[in-house]
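Contents: one structure, followed by commentary.
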Amino acid sequence: MILELDCGNSLIKWRVLSASQSMIVEGVVQGSGELLDAVAVVACAQIHFVRMVSVRSDVEVAQLVDLLREAYGVVVAVASPAQVLAGVANGYEDYERLGLDRWLALVAAYQRSSRAVLVIDLGTAITSDFVGDDGAHRGGFICPGLPLMRSQLRTHTRKIRYGDEEGLMVRGSILPGRSTAEAVERGCLHMVRGFVEEQVSLAAELLGNFDVYLTGGDAGLVSDMLPQARVCADLVFAGLALACPFEGA
Ligand SMILES: Nc1ncnc2c1ncn2[C@@H]1O[C@H](COP(=O)(O)OP(=O)(O)O)[C@@H](O)[C@H]1O
Ligand SMILES: CC(C)(COP(=O)(O)O)[C@@H](O)C(=O)NCCC(=O)O
Ligand SMILES: [K+]
């Protein structure tokens, strides 16, 4: 079995695939200690290969690789920056600086569509990436995701104060807020939705006909705006399989 890990800034997404690459089980944890416990419940003894992508620090990646090697005694492949992968050319001036989660997601999206794509990943940060019909990555944008927007407002003002529970309760509407919690939660949601709308207009200008892909933990907050969009929770994993194929038997 293959263990796959996508280590974002907030969460580690993990899943276990069979030898024929079909998904057996998946989960989400915050840190590496929790990860081993979660995987142990289902599959520990039978992991033959681990592949991972991370946007965390080099130190954290090295620690996690050591932990996994020790736990399973197997090869741990870590996705690394590339100028070209599966027919897609990295569009950054310095290709090594492009976030690896962005890179893998945009490569997978282009591979699925075989035409121009706009990829929007809504996680800790929200990122968009543009790929042309020819597989040339044209670059993209990075802005704060919803959790960062909320916490910045709460940290840098004196009177924006409300509990997490209240915040959770007032989400889901886009009507003007009549309390602080409503005003902040819904205001931030409007920022996210406005950003997404703007990316789609820009993609129409830059790319002509294109497919839109939505991924990341908060994709569901905008998917209703774009009925034509493909909501793919597994986009980073699909790119990871291209970057780190399992070659053992
Ligand atoms: N089980 C969960 N725990 C925490 N956040 C979650 C969970 N499921 C969905 N989310 C949402 O997903 C977002 C994080 O998305 P994700 O794509 O995993 O981010 P990152 O890749 O930056 O770690 C959070 O802002 C939260 O709104
Ligand atoms: C932009 C990101 C912080 C997004 O991370 P995430 O929200 O998925 O945790 C990550 O892709 C990253 O660290 N990128 C490096 C900078 C860049 O892409 O230019
Ligand atoms: K993201």
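Keep in mind that glycine also has a Cβ here, set from the backbone N, Cα and C atoms.
Of the residues Y72, Y92, TrEMBL puts just one in the substrate site with G99, L100, D101, R102, T180: Y92.
Listed by TrEMBL as binding ATP are D6, C7, G8, N9, S10, L11, I12, K13; the candidate from T124, T127 that the record includes in that site is T124. Close contacts with ligand 3, defined as a Cβ under 6 Å from any of its atoms, occur at D121 among the binding-site residues S10, I12, Y92, G99, D121, T180. Closest to D6 (ATP binding site) by Cα-Cα distance, out of the recorded positions Y92, G99, L100, D101, R102, is D101. Checking the binding-site residues D6, R102, T180 against ligand 2, the ones with a C-beta less than 6 Å from an atom of that molecule are R102. Of the chain residues outside the ATP site list D6, C7, G8, N9, S10, L11, I12, K13, T124, V55, G123 have their Cβ within 8 Å of the site's Cβ mean position.
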